[in-house]
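So that you can see what the record holds, here are the features copied from Swiss-Prot:
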- 275-285: compositional bias 'Basic and acidic residues' (COMPBIAS)
- 264-285: region 'Disordered' (REGION)
- 2-19: topological domain 'Cytoplasmic' (TOPO_DOM)
- 41-76: topological domain 'Extracellular' (TOPO_DOM)
- 100-148: topological domain 'Cytoplasmic' (TOPO_DOM)
- 172-194: topological domain 'Extracellular' (TOPO_DOM)
- 218-285: topological domain 'Cytoplasmic' (TOPO_DOM)
- 20-40: transmembrane segment (TRANSMEM)
- 77-99: transmembrane segment (TRANSMEM)
- 149-171: transmembrane segment (TRANSMEM)
- 195-217: transmembrane segment (TRANSMEM)
């Protein structure tokens with residue numbers, strides 16, 4: 001199973017660009033799919049065709065019956081399942097890496113001389129380069145989750161229609177060139193059934209984690225939106241709490257001008273009265 005090594009290295013980079021549930025999904029994928037499939041599948045399914053026997057001597061009958069019973073090997077089916085389920089995640093990884101690269105260049109321009117005049121600011125990463133899943137990145141993340149759910153469910157249904165979930169020990173076969181309905185036998189059917197059920201349970205857990213993560217992201221988004229909306233309402237009802245200064249209106253300016261004129265008039269009248277009193281005092285002397 002060395003062909004999955006490169007895929008494992010790529011998926012390992014997704015850990016830093018995922019939610020907590022996404023990290024759990026990656027753990028399930030690595031431990032219970034890639035590692036178990038690589039360690040135990042070959043020993044369990046290595047004799048799948050060599051020990052498939054039919055009670056006939058007709059040349060070609062066993063090969064035809066095996067091909068009819070197993071259109072695709074279980075191992076190859078599960079490898080394809082891992083690759084197809086991981087593809088949306090790898091596409092999201094490419095999108096996230098592109099955004100990180102763009103914002104790294106933007107931070108370099110902002111730190112350069114004259115960069116403070118730039119209006120655009122980094123949106124998806126912080127100073128440490130940690131990705132914030134929001135905006136277009138959130139849409140990309142939700143899209144890859146939806147595609148993983150669809151692909152996972154399709155492979156589970158496909159496995160049921162191709163093989164079923166139980167490996168029976170005997171298969172009747174009447175395909176040509178078999179001269180009659182022959183009976184074909186599979187080695188170690190119980191062990192293979194246990195392995196099939198295990199891989200099915202892991203696929204269902206993976207599907208459930210993807211569904212939970214979709215609801216988690218949607219609920220988090222709705223909660224953040226409601227907080228922002230309530231903050232706007234509170235600020236509108238209590239203007240004094242706003243940090244920006246309150247600019248005077250036209251009505252305020254007119255009131256201020258009227259008060260200034262009244263003050264000047266009262267000061268001029270007061271000055272005239274004081275002058276008349278002083279003149280009268282001098283004449284009396």
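Note that Cβ sites are derived from N, Cα and C of the backbone, with glycine treated the same way.
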Under 8 Å between C-beta atoms and at least six residues away from its ends: which parts of the chain pack against the topological domain 'Extracellular' (41-76)? 1, 162-163, 171, 173, 175-180, 182-188, 191-192, 195-196
How about long-range neighbours of the transmembrane segment (195-217): same chain, 6 or more residues beyond its ends, C-beta under 8 Å? 19, 21-22, 24-25, 28-29, 32-33, 36-37, 40-41, 44-45, 74, 78, 81, 85, 133, 138, 141-142, 145-146, 148-149, 152-153, 155-156, 159, 163, 165-167
Long-range environment of the topological domain 'Extracellular' (172-194) - Cβ separation under 8 angstroms, sequence gap at least 6: 44-45, 47-48, 51-56, 58-62, 64-66, 68-69, 74, 165-166
